[in-house]
Amino acid sequence: MKLQELASALLITHIHGDINTEITGIEADSRKIKQGDLFLCIPGLTADGHDYAPKALALGASALVTERVLDLPIPQLVVKDARYAMAALSAHFYGYPSKELKMIGITGTNGKTTSTYLLEKIIADQGFTTGLMGNIHIKIGDTYIENKATNTQEALELQRILRQMADSGTQYVIMEVSSHGLDMGRVKGIQFRSGIFTNLTQDHLDYHKTMDAYAAAKGLLFSRLGNGFSADADSRQYAILNADDEASHTFQKLTAAQVITYGIENECDVRASQIRMSANGTEFELKSFAGDARFHTKLVGKFNVYNALGAIAAALAEGFPLEAIRASLESIAFVDGRMEVVNEGQDYLVLVDYAHTPDGLEKALSTVREFAEGRVITVFGCGGDRDRTKRPIMGKVAARYSDFLYVTSDNPRTENPDAILADIEPGLKEVEYPVHQYVLQADRKKAIQKAIEEAGPKDVILIAGKGHETYQDIMGVKHDFDDRLVAKAAIRGRTQ
């Protein structure tokens, strides 16, 4: 592809140099440059891609995308915003793959991963070839790839993956869409068929600064949906909103798509009632615009009812039979690291969950409290280099629902683990949680081991924060660490 043709994806540009330069690939990482590649000079939070342009040139780059003309002997496409240009150029280079796919995006603070897996299972069971872009895995055809990104990938990588999916015969793609990805323009150039909103609670304020800015980022998914009112069912677009979350009122005003609401508390299009929960699963009565049914799922907790409702609403919008949707959901045993049971035959229950926000932790613990016959013992921490304001709040939440607490490290990253624990502890003191009912233990492995050593019959241990993760990030090094494996080893060690 010629540089001029690629540049046609952008309305306002200036090409400095030969417009007929041949472009054979696009990269934003100078270390990956190959002969003939276009190098995107992206200004970042800690580094500026413009500084790596000489290296890209030396490795064979044929042209650059820059925000200013650089004194280098290479054609340059000068743009106002290189990050947004990356989304447009990569979509154009890869032939706008999202137009060949039915894209369903899921955004919200909590529940994205579970909702993504539930909906993917429903659609796959209908005989469609599905792709999945989630926090745990990327699924292309029958191949699962571990997702090493902490949130939505950069636009270039997204378009590359979507092209692979389209070429492999994928029909539907279900994708987690983070607030970072929306705010930074990573999903510009992706045409979504539907958007699902799970909920909005405090998180990522280290980046967004305010809840209003956080909500505005989430709303971008729905504001970009096109007109949902079309005679052609395949051309319709849907905004699927949680009727019990106030942010949905704003998102409904933002979107031109058809709105489908779901919930428990308020009147809506897809509603659950008569909810019964236990350690073995959840039952609920569903009333919807497409009919009624009784659901018996193996997923634990009221919050998972919300996740199921969003998936059900999206599936009904696609025209799938309610009975088939019910059968698919009832066949799912668990989602990795989401209220996942660790069972080695012990007489107490151990659960591993990804809850890492105040709201997520409260939902997990309130669920556990409903069915726990013994004590509730919680192991949790807060991530380093992230929103510090939520740390004492999570301490208060944990104290409210737990009989004993082990406050420990999550992913401390570049912070001192003891300093993070010190930020959490004021939340415990604020609610006058007894000092003899909690332990500050920065070593997560020891905290899990101690919790299991102390558990009695019918107690419930919730190990929260990391869920599916198989590493612990300490000073930029990802050490092997899996809460589930640590818990299993501790249970076995206790019984020997």
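Heads up, the Cβ atoms here are built off N, Cα and C, so glycines get one too.
What TrEMBL says about a protein is an automatic prediction, not a curated fact.
In TrEMBL, the meso-2,6-diaminopimelate site is described by Asp410, Asn411, Pro412, Arg413, Gly465, Glu469, and among Arg386, Arg388, Arg492 the residue recorded at this site is Arg386. Spatially close to Thr113 (ATP binding site) yet at least six residues away along the chain are Gly134, Asn135, Ile136, Glu176, Val335, Arg338, Tyr354, His468, judged by Cβ distances under 8 angstroms. In the three-state DSSP assignment, the secondary structure recorded for Thr113 (ATP binding site) is helix. Between the binding-site residues Thr114, Asn411, Thr114 has the most other Cβ atoms inside 10 Å of its own Cβ, all protein chains included. Counting in whole angstrom, Thr114 (ATP binding site) lies 15 from Glu469 (meso-2,6-diaminopimelate binding site) by their C-alpha atoms. Counting in whole angstrom, Lys112 (ATP binding site) lies 15 from Gly465 (meso-2,6-diaminopimelate binding site) by their C-alpha atoms. Among Arg386, Asp410, Asn411, Pro412, Arg413, Gly465, Glu469, the residues given in the record as binding meso-2,6-diaminopimelate, the maximal Cα to Cα distance rounds to 17 Å.
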